[in-house]
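Copied over from Swiss-Prot:
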type	residues	note
ACT_SITE	ASP246	active site
BINDING	HIS13, HIS15, LYS98, ASP246	Zn(2+) 1 binding site
BINDING	HIS15, LEU16, ARG17, ASN41, HIS135, LEU218, HIS250, ALA262	substrate binding site
BINDING	LYS98, HIS135, HIS173	Zn(2+) 2 binding site
MOD_RES	LYS98	N6-carboxylysine
Amino acid sequence: MTQLTITRPDDWHVHLRDGEVLKDTVRDISRYNGRALIMPNTIPPVTDTEMALAYRERIMAEQPSEQFQPLMALYLTDNTTPDEIRKAKESGAVVAAKLYPAGATTNSDSGVTSAQKIYHVLEAMQEVGMLLLVHGEVTAHDVDIFDREKEFLDTVLAPIVNDFPNLKIVLEHITTADAATFVKNANENVAATITAHHLLYNRNHMLVGGIKPHFYCLPILKRNTHQLALIEAATSGSKKFFLGTDSAPHAKGAKESACGCAGSYTAHAAVELYAEVFDLEGKIENLEAFASHNGPDFYGMPRNADTITLVKEEWNVAETMPFGSDIVVPIRGGETIAWAVK
């Protein structure tokens, strides 16, 4: 197959940052997505409804494509209240709340120190029908960075799923076979997003032949056996897995340093990169469900009414892209991608 028309996709996990860079990140994410769920770990984090609505206004001020709708999320802290959850739900603009274990990833220092501290908040979320988004890693110093997702599943997420069976939960950017199996075996209220870079790459790509800082992200790339399990899950047609890029830009200098930031930028070509994976697996016919159907179905939203067309046509990716007054190195920068949006 050399051409494929699919329902317009959505991105259910993306970082746009804030300030002068919004003009560039909004341009890329709105190019063909109908909706994008905007992560709240900005500086300062989006911890209440007023902040979420103000952030949404700043995004919309960049005049994204007419079809584009940003969806907002709250950043959960130990001090989040049930009343704030109800207020967010009533706003109509905030569709989820995000659990960042404190210190697990970029700008997460204000996150939740213990899941038990927000159980009353999770109860309110279950009651009003607000989704819980989860960065699934523990932060204990004695847990190896490659094992943090598995440990989180066992010690944090499994109890939450058990204690809140009617709470819809999205395990974000899964990176292990363990996570894929957990989601498959969990009740129908548990789903997961999978990034393009975790499907395309494993830790060898990041570490062999020299450190490749633009592959460094959190959760970190795992061994190839986990990569293969993610590919199987994403391309399987299962309604439990859907597109969430976790596109997370940092300026080139912030990545290429002695203490580089975590995050890979894929918003410039997300659906094209996913198409490569599905095509290589001989499952290109399942791309539409993963990219365009499963996400809105799980969130209880209508699917987009229009379409985009992909063609199997190689194109060159710019080595760098504008990022406010700086530049960002995108995934595949200076290389080619096999599929293009027509």
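For all residues, glycine too, the Cβ spot is worked out from N, Cα and C.
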Are there any residues in the same chain, six or more apart in sequence, whose C-beta is under 8 angstroms from the C-beta of ALA262 (substrate binding site), and if so which? THR105, THR106, TYR216, CYS217, LEU218, ILE220, ALA248
Quick check: which same-chain residues outside LYS98, HIS135, HIS173 lie with their CB within 8 A of the centre of the Zn(2+) 2 site CB atoms? HIS13, MET39, LEU99, TYR100, THR105, LEU133, VAL134, GLY136, GLU172, ASP246
Given the binding-site residues LEU16, LEU218, which one is most crowded in terms of C-beta atoms within 10 angstroms? LEU16
Looking at the binding-site residues listed here (HIS13, LEU16, ARG17, ASN41), whose Cα lies nearest to that of ASP246 (active site)? HIS13
Taking just the CA atoms, what is the gap between HIS13 (Zn(2+) 1 binding site) and HIS135 (substrate binding site) in Å? 11
Just to confirm: which same-chain residues, 6+ apart in sequence, have a Cβ under 8 Å from the Cβ of HIS173 (Zn(2+) 2 binding site)? HIS13, HIS135, THR193, ILE194, THR195, HIS198, PRO219, GLY244, ASP246
Using all protein chains in view, find how many other C-beta atoms are within 10 Å of the C-beta of HIS250 (substrate binding site). 25
Whole-number Å distance separating the Cα atoms of ARG17 (substrate binding site) and LYS98 (Zn(2+) 1 binding site) is 16
Candidates LEU16, ASN41, HIS250, namely the binding-site residues, that fall within 10 Å of LYS98 (Zn(2+) 1 binding site) by Cα distance: ASN41
May I ask for the distance between HIS15 (Zn(2+) 1 binding site) and ASN41 (substrate binding site), taken between their Cα atoms and rounded to an integer number of Å? 8
Other CB atoms, at most 10 A from the CB of the residue listed as 'active site': 27
Cβ packing number for HIS135 (substrate binding site), 10 Å threshold: 24
Would you mind pulling the DSSP three-state label for LYS98 (Zn(2+) 1 binding site)? strand
For Zn(2+) 1, residues beyond HIS13, HIS15, LYS98, ASP246 with C-beta within 8 angstroms of the site's Cβ centre include exactly VAL14, LEU37, MET39, ASN41, LEU133, GLU172, HIS173, GLY244, ALA248
